[in-house]
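All remarks here apply to the structure that follows.
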Amino acid sequence: MLASLFPLARPVLHALDAETAHRLTIRALSLLPAGAPPADDPRLAVSVLGRHFPNPVGLAAGFDKGAEVPDALLSLGFGFVEVGGVVPRPQPGNPRPRVFRLTGDRAVINRFGLNSEGLAVVAARLAARAGRPGILGVNIGANKDATDRLADYVACTRALAGLVDFVTVNVSSPNTPGLRDLQGEVFLDDLLARVVAARDEAASPRRAAILLKIAPDITLDSLDAITATALRRGVEGLVISNTTVARPASLTETTLAAEAGGLSGRPLFAPSTRLLAEAFLRVGDRLPLVGVGGVDSAEAAWTKIRAGASLVQLYSALVYAGPGLVREIKAGLVERIAREGVPLAALVGRDAAALARME
């Protein structure tokens, strides 16, 4: 239903500022009955992270920050949904305006600053949907004014790990000062050790997988250290990548491109895919990868998979293409799987060496 309405709603939504339009979308989703998602072609199924995903196409964190409408989003056909980011105490984030559409570039810049209703509110919403079907994850961070950021991640993990299928440790948001410093080897080692321990202490049979979300703007030496630390500390997967602080010369919306914040959408595709491929070359099948950044078509999702992604996520593309994009991507993946004549899992990372050098 939403997919058919989007062409009519898009001019209205895009006439509004981006954040207001997004709140209206969340409101609309909350009013619609969350029906069962459409049945997926079995060739799209993925078994990873200790779960059986009906398809590999997920919704990235940031769309449903407060876990208000996860079931409505799953009903759109996503194989999984990641809510958040969540921080322990409510915080307003950065002043508005803080999100900008670069329409000519099919991109978005945001500097939300991890605005969140706080851990208690999100945990209550997730607890209220216990027992419902669908694979759900949560993205966690630290309060901007936290005196002990590691403790913030531990608190979020303890409260949420028994309510979701995976917890994504976000140390890569460019909009919280100093947060990306936690990607440094010493900090990261301590952080992951404590988060994994907190997950293991959670008295829940669900045992959420722990994922780590990293920035696209790191060096290969940093990637070496991050992947080694993740493997050593028992992290179950990497999410590659968050938004970029870089501004490619190809951007046409030059005035908006000067806005501070993280850039997502189509311009992020190449750098995030290169990093994804480099990560796969380092970890192989020892650590599942989630490919994020510029996934706006079946071909883009297919490329992420060949670069090493077992799962993919999208968000910014929905701003321009609407929810019907999910169905289009899945149909395109089925066509490509049929053409190749091999299971989807056999295609993961097949072209990583070449895609690590993509322009």
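Including glycine, each Cβ sits where the backbone N, Cα and C put it.
In the three-state DSSP scheme, Gly265 (FMN binding site) is classed as strand. Per Swiss-Prot, the feature FMN binding site maps to Ala61, Gly62, Phe63, Asp64, Lys65, Gly85, Asn139, Asn170, Lys213, Ser241, Gly265, Gly294, Tyr315, Ser316.
In the three-state DSSP scheme, Asn242 (substrate binding site) is classed as coil. Other C-beta atoms found within 10 angstroms of the C-beta of Asn242 (substrate binding site) number 29, with every protein chain shown included. Per Swiss-Prot, substrate binding site is recorded for Lys65, Asn110, Arg111, Phe112, Gly113, Leu114, Asn170, Asn175, Asn242, Thr243.
Per Swiss-Prot, the feature active site, nucleophile maps to Ser173. Annotation note: Ser173 (active site, nucleophile) sits in a coil segment as assigned by DSSP.
With a 10 A radius on its CB, Lys65 (FMN binding site) counts 21 other CB atoms from all the protein chains. Rounded to a whole value, the Cα-Cα separation of Tyr315 (FMN binding site) and Arg111 (substrate binding site) is 15 Å. The separation of Ser173 (active site, nucleophile) from Ala61 (FMN binding site), Cα to Cα, is 11 Å. The two recorded residues, Phe63 (FMN binding site) and Gly113 (substrate binding site), have Cα atoms 14 Å apart. Among the recorded positions Lys65, Ser173, Lys213, the residue whose Cα lies closest in space to that of Arg111 (substrate binding site) is Ser173. Excluding the listed site residues Lys65, Asn110, Arg111, Phe112, Gly113, Leu114, Asn170, Asn175, Asn242, Thr243, the same chain places Gly62, Gly85, Gly93, Ser173, Pro174, Thr176, Gly261, Gly262 with Cβ atoms within 8 Å of the centre of the substrate site Cβ atoms. Here is what falls inside 10 Å of the CA of Asn242 (substrate binding site) among the recorded positions Lys65, Asn139, Ser173, Lys213, Gly265: Ser173, Lys213.
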